[in-house]
Amino acid sequence: MILASVLGSGPRGGPPLRPLLGPALSLRARSTSATDTHHVEMARERSKTVTSFYNQSAIDVAAEKPSVRLTPTMMLYSGRSQDGSHLLKSARYLQQELPVRIAHRIKGFRSLPFIIGCNPTILHVHELYIRAFQKLTDFPPIKDQADEARYCQLVRQLLDDHKDVVTLLAEGLRESRKYIEDEKLVRYFLDKTLTSRLGIRMLATHHLALHEDKPDFVGIICTRLSPKKIIEKWVDFARRLCEHKYGNAPRVRINGHVAARFPFIPMPLDYILPELLKNAMRATMESHLDTPYNVPDVVITIANNDIDLVIRISDRGGGIAHKDLDRVMDYHFTTAEASTQDPRISPLFGHLDLHSGGQSGPMHGFGFGLPTSRAYAEYLGGSLRLQSLQGIGTDVYLRLRHIDGREESFRI
């Protein structure tokens, strides 16, 4: 019946579901030949994806292969070559690895309960993955730099195509929320899908960045990352959002190992830090609505050692109610009013675009911010923990393993 949905007719002859790729295609005559050609091309593209529902053998074979995860150290010390051979090696690794990882996620979409998998928005994301698999597997073997350059164009296109996947998944699950009976199954699906997406984007962006000659960077790895500087960048961003919504924002004090520098990948911090800072600022402002221009500071402490980096964010936002404490790290698919839920659970700052530059798309709303940050931290060999002092405030502990520390690093 999923196939019937893709083809445009509902189950058992019911009303047609919204097609996966936006407006329904119509092959009726158009007033101009250009319009006709456009729609024929769209129909042809869509037919390829539909055909894949019949012929899944390539996806099935790829899904049975294990992914080959790299440590950041491997990526950092793979070296540069004058003849560009490091780029060919990196591209060939991606050409082998990306289809396998995408096939794993397609298998994950198939495992969803039928009624959820039929949701048009979820189907749209499912199709994005199938289309990506087809484009990647159709690409010929990379033999020279010209092939590698064309492969980079494909990778950029796919990164752009998938930039809104987090928001789409949240919307689709919100639309299907009344059909969700096993929340553990959905949480497992989301954890795997979102962390796999992070890994794929990190690997793909790393390869593209290898073409750049940026000081203190090898690909996406910063060789001298300053936690203080990246925190300050996102503090400024979160304060602007907070001022836009509330007319004011808490001051932020940073202490601890403020001079620390070490090799690290900024990208996961660029996903996680805005969420944690927005949470702290919103909780602070919401709990001081009577005195919005006299609010307590948010305090951030950096602790660096030879195994991991710990960032503690402490707010005086009243803490988390006992009834909400056990579920703040769960994915929530409702949009309840802030007056009836802890600010960390309800959508954060409405639906503003929270990531300038569009690097990751908005990771907000629908109660996805904290659980997604938790999943990312765990994927990177770390953790995200909350300690609530009800009536006072909340301490959030973000722990991330070093890529060149005394213990084995995480794998991407």
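Each residue, glycine too, has its Cβ placed from N, Cα and C.
Here is what Swiss-Prot says about this protein:
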BINDING   N279, D315, T334, T335, H364, G367, L370  ATP binding site
BINDING   N279  Mg(2+) binding site
BINDING   V328, D330, F333, G367  K(+) binding site
DOMAIN    159-404  domain 'Histidine kinase'
MOD_RES   S31  phosphoserine
MOD_RES   S52  phosphoserine
MOD_RES   K192  N6-acetyllysine
MOD_RES   K233  N6-acetyllysine
MOD_RES   S356  phosphoserine
MOD_RES   S360  phosphoserine
TRANSIT   1-30  transit peptide
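Look at N279 (ATP binding site): DSSP puts it in a helix.
Summarising the environment of N279 (ATP binding site), the number of other Cβ atoms within 10 Å of its Cβ, over all protein chains shown, is 27. Put simply, V328 is the one of the recorded positions K192, K233, V328, D330 whose Cα lies nearest to the Cα of N279 (ATP binding site).
The number of other CB atoms found within 10 A of the CB of D330 (K(+) binding site), across every protein chain shown, is 15.
Each of the recorded positions K192, D315, V328, G367, L370 was scored by the number of other CB atoms within 10 Å of its CB, and the largest score is that of D315. Here the Cβ of K233 (N6-acetyllysine) has 15 other Cβ atoms within 10 Å, regardless of which shown protein chain they belong to. Averaged across the domain 'Histidine kinase' (159-404), the predicted model reaches a pLDDT of 88. D330 (K(+) binding site) falls outside any helix or strand according to DSSP and counts as coil. Each residue contributes its Cα atom, and for D330 (K(+) binding site) and L370 (ATP binding site) these two points are 8 Å apart.
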